[in-house]
């Protein structure tokens, strides 16, 4: 569908070109922009259009359109909003999803734009109402009902006792105090979310100066705050229980109807099974599902037909007295997941979203059609950047090979050599922002047997439980490894075959040839990676069809070693080949083969020449993340998407799944029961199986289990993260209540990049013993391919001491976690300094600063962790106020029934007397202050003071 900009209202021209919200109010049947400062402020007598523009990772924009109808808006104004929304969608390219929003029945997506809630005010423009500014009049006591676990629907109800019930949460806003009444049948998550509304009311209508009280349904007059609350209603009286008719009021089964909009009328379409083939591209359809109605617009329809279908949907709702129903309008090719799920089977839809690359092609095609020379305009798109690992790559790695019911710890020289027929368990510890972090994972080779996989899962789970769930857990399959895995191993070799008894038995039973790698045999390796800290040698079939012009290869047979360089490779690829030669064949010279100039011997080893690919093996790109709350009931997984999520959406009582297509994260709250916690990996696997977003997710997609309080940065990067929030004690409701009542809000600073406090893989070791994990040969044998020992010694004096001692200098790769190795030569050193450095290289063995992967003693590691955690701490921490008001310990805990008033909830310990402080913490205040911050928080958490 093409439209002229003359058909578009001037208020809509040039919109939707940047990430964010744009809002219009309908005034005299025209859209009038609402200033940003008034976004979220709605009047009951008005209609609004809301455009949410989201910048996607592929460079394009996604547009979501909503038209909001106040309960007192006129029918004509509502119809205008509906038609203008269709017009705005056409101006944006005809891809937006359009939502009809009715006051009191808003979608969770709309409410997520205006957190914590929408509280419409009386008044309106078109209706002749006067806008009422609440802050300008005397305070009126109001009662609100709050519903929702993830976003809150707020509705004002009459200030009478009969408005209260056991199922919901109510907020009573009085002149001097705000009460939150928690119905006995309401859940913790709803109570926590309602507290966000309490905070909003406190800040908006009381300028932040107001007391807050929480009243539990069932507490009588003996409770002071409960007594005060019930006194405002004229005294306590039992609330009636919900009747059975109320319970069953929404259980009516609705019949799905399909109607075709044809020449201004609606025609019923009969069907036995709702199939995609019923929809024709040159027509519009209404899919009536009862609570919501969908309008499907074929791509071949005109703007006028789409406007007519939109008007027909509005009229149908009015005629059937269903003004509160939601209407979702979708365009062919851009249907929502919920719409597709209504059909028996929906065919795969090609990705129609335009990226910046598509746009460049369209511009070039236009210029070419006008006779212009576009040579040079259509440059190849810049190569996509390697994803950041968001993990410190200088930690300590241990690897076990699984063999039956047991596991064998591999030596440091063998831990980066994996076999495709085996399963492995790895444990990686590294320094985080404020504590040591740990990742425990399993790696399943493509040809590993089920027996070993089951054993690996069991053994890794026991290690995870032994760590008291304070580590992250990963389940990885060969060929689908995330970037974190590669930078942890740095130099990785994956060989054919396997060494486990399970694999050997499997090939014996099936009569399969054992192709396990033999050092002196025939083998071909594809070399890949992005640098010295992320490189792999993957053994492939030793045939010429395994070659690819975009890669370099190593081929060996006995003492014969070839390197093969594809025509599309880079200097970095050549560097990686040299580095991998130092690992695979360190003692033998190699013969270089350029593509197109190979020797006959090279082709003979590969069984003759044949066709091969020149396209780089594709990698899936990370998609925009989606967060889902998960409920596992009788082996059935139910999920609900959380739109425009924040850290505050992660409730301590729940399990959430974060899906970014290339990786899947399962987040487990601290308050989740042990049985459900142990099923976290099952939840991740079920999520992949159901493929809720219809992404064609692979069952081999990496799954990470993340526990609250131990979130790694490669998870927290999806949020604006405040680590203090995840370390607080108690339920999500108790935590938010402490903040709302105490008036102290945790810091909302963005997460800091983790920088290792020490250089190297294991900072506690003596530097003279350190060596790189990517070298399999002796550290004493400092060998660089093609250089004499003397030249090597001279060159080493000029090289960065933290550089790996491999064949060629590493490329200048930007590192997220740069090593902080030994002192470097000044950038402009004198000639004498250079001579002195050269001389010292010959006077004794070079003292390597390259890290070693042998684990230090527990005592040394503990000292390192504590010392490392204090580095970078502010030296200007405020002193404890010795003259602070003193409270007993019982009144300072987060679970106290009689909490101390007007305290800083982030420093509860400073209100303890010196005697009680020493008794509870087992140390003096001075000793406590000298502890690293993470250890202070852990002790406070254990004592329920955090």
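Cβ atoms here come from the backbone N, Cα and C positions, even for glycine.
A quick note: this is a predicted structure, and the numbers were derived from the prediction, not measured.
Residues annotated as compositional bias 'Polar residues' in Swiss-Prot: 765-777.
The compositional bias 'Acidic residues' annotation in Swiss-Prot covers 874-883.
Within the domain 'HP' (881-946), the DSSP-based counts of helix, strand and coil residues read 31 helix, 0 strand, 35 coil. Residues or ranges marked as domain 'HP' in Swiss-Prot: 881-946.
Annotation source Swiss-Prot lists region 'Disordered' at 744-789 (among others).
Taken from Swiss-Prot, the feature region 'Disordered' covers 801-832 (among others).
The feature region 'Disordered' is assigned by Swiss-Prot to 844-902 (among others).
The repeat 'Gelsolin-like 1' annotation in Swiss-Prot covers 28-109.
Under the heading repeat 'Gelsolin-like 2', Swiss-Prot lists 152-219, citing sequence analysis as support.
Here Swiss-Prot flags 641-715 as repeat 'Gelsolin-like 4', drawing on sequence analysis.
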Integer mean pLDDT for the repeat 'Gelsolin-like 4' (641-715): 95
Secondary structure content of the repeat 'Gelsolin-like 2' (152-219), with strand meaning DSSP E or B: 21 helix, 22 strand, 25 coil
Helix, strand and coil residues within the repeat 'Gelsolin-like 4' (641-715) as assigned by DSSP: 21 helix, 17 strand, 37 coil
